[in-house]
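**Student:** Pulled these features from TrEMBL for this protein:
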TRANSMEM  12-34  transmembrane segment
TRANSMEM  40-66  transmembrane segment
TRANSMEM  128-149  transmembrane segment
COILED    154-194  coiled coil
Amino acid sequence: MKIINKPLEVRSSFYIPGILQILGFILLIIYSAFSSTHWSVVLTTTTMVMLASFSVGALVGFIFGIPRTLQEDVKKGVKANSNLEQLSDWLTKIIVGVGLVESKEVFQLVSGLAENLSQGFPDTQMGFTIILSTLIFYFFGGFFISYLWSRILLERIFQENLDTENRIVALEKTRDLQDEISELQSTYKKEKAKSIIEKSFDQTKDDKELANTFAKIVGTAYENADYSAINQWVKEYDKRIKIPAQTWSDAALANLNLYRNSLDQIYADSVEYACRRSIQALRDYGVPQMIRLYLQLINYKEATANQDQQKQDDARKSIGAVIELILKNNAITAYEAYAYMQKNDVTSFKEYNEIFKTEFKTEYQKFKDKYLEHLSKNQS
């Protein structure tokens, strides 16, 4: 069942048919009061005819107006019970078919019923007219009101129930997925991580939720030093998941670790690519800029160890370019990059922090000043 969410004046939809039904009842009271001395008998008879006709019309209107539930992905989960909908379809076809084919007989049946019910009236001819009019008027009135109720209010009730059920199912699936992620964090396995990523596509269609799940998996893989898996996943799921800036930074770090251990240029290129994607996702994000700085510090360290003056000069130039770019950006970029550098004072990247502070004092001081500038603005 699909509902277009537009503001509806539900009450106004029932005003005209409701007022007409009330007006009809008032006319019946007036007729009964002035028709004979036995007005109570006439009023009771016409009222019962009115209620009976309205009830039959309401039943037919309900049958015609029962909302249809769209069954999506019926192979998974439990689909809604559609017995009432099937019965509605069956009865609707019968009623329409009989009404079209046997319309003359239907009218004769209604006319005969009105003639029999009018026998108790002092004026049978007038009674026949009143009863027949009441039967027709309140049948269609009941049909129209019931049809409107089924199509507007009942449809909303069904939709709310379906939405509630879907939310409950989604919460249960999310809870199961979070339990699997928690288990993965305690006992990491690459195959299990991959299966959780694939399962997340079936359990949620929300882009943000998919990105958060993917970020947790990548973060867990990084903590377990499965850097090659991170490379594989960001390439495989790049077009299926809107990978956030922080996750691209994790991918850059994974390649940075691989490059530090192997000095393979392919990992250096991957670091630059992941940093570029991270900055595209979050323009002023400082962490990828610091990762790029670490990449050049690794190159500088290796060039110094190998006494390669050309590579050493190239690394110096690249480090200066990264610092210049950080300083040109908003102060938040320098703040985040510097804060990330401080966090690495207790990691294996501490040695590169020391190289930066001692070998690039001018650049380091400018970097630090920009950080302090942002810090002082926030504190004031």
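Including glycine, each Cβ sits where the backbone N, Cα and C put it.
TrEMBL entries are annotated by machine, without manual review.
Computed from a predicted structure; not experimentally measured.
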**Student:** Average the per-residue pLDDT over the coiled coil (154-194) and send me the rounded value.
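**Tutor:** Its mean pLDDT is 77.
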**Student:** Six or more residues out from either end of the transmembrane segment (128-149), which same-chain residues have a Cβ under 8 Å from its Cβ atoms?
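**Tutor:** Same-chain contacts beyond the ends: 13-14, 17-18, 20-21, 24, 28, 31, 46, 49-51, 53-62, 64-65, 110-111, 113-115, 117-118, 121.
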